[in-house]
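Colleague: Quick paste from TrEMBL:
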| type | residues | note |
| --- | --- | --- |
| BINDING | ASN20, ASP21, ASN76, ASP121, ASN122 | Ca(2+) binding site |
| TRANSMEM | 36-59 | transmembrane segment |
| CARBOHYD | ASN122 | N-linked glycosylation site |
Amino acid sequence: MALKILIYFPVGWLLSPVVNDIVALGPEQFYATRDHYFTSHFLSLLEMFIGLQWTYVLFYSPREVKVVAGGFSSANGITVSLDKKYIYVADVMAKNIHVMKIHDNWDLTRLKVIQLDTLVDNLTIDPDTGDILAGCHPNAMKLLVYNPKDPPGSEVLRIQDVLSEKPRISTEYANSGSVLQGSSVASVYNRRLLIGTIFHKALYCVL
């Protein structure tokens, strides 16, 4: 019997040149990431394949809307530190997380980049420790070319001591795809971990 191969394009991650994620700073202020520069689907694909770094982070308030950080291959998940002093931005195609300082005028300054060996999708903060939790994709091609007999895996990373010279990176969860496919986000509360995916199910874990 012939093996059935499906070409799969995650709607919110690959083809949609719109706002990808937001994080609220107050009742009327938020930061947002834009994951592609072009609005044309064809140009968005071209942008990704030739490696343009034209995506950015926007700031919104009733008084102004402005670009506050740029130079991302594909600005994706975004979250804020517990003390509201730093913004963390996932660049999914570059496989890294940008640590950015918030200024009084809401502009952002890039302090450091944490390089990872996986595609980083969405970010959350552990409310007890301030660690970053990252929903990740260990194999990009398995997302693009979906094979039910060899599905995309899942990975959740924990980044500790984010502001130190050497942040500690550990694996909170990993699976080849037999249990969970295409992990995109993870949230923890009271030693309970909930992992979401692009197109598969969610997984509830006890740590």
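Cβ coordinates are placed from backbone N, Cα and C, and glycine is handled just like the others.
Computed from a predicted structure; not experimentally measured.
For each feature listed, report its degree of burial, its nearest neighbours and the pertinent distances within the displayed model.
Modeller: Applying an 8 A CB threshold to same-chain residues 6+ apart, the list for ASP21 (Ca(2+) binding site) reads ALA32, THR33, ASN76, GLY77, ILE78, ASN122.
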Colleague: Using all protein chains in view, find how many other C-beta atoms are within 10 Å of the C-beta of ASN76 (Ca(2+) binding site).
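Modeller: For ASN76 (Ca(2+) binding site), the 10 Å Cβ neighbour count is 28.
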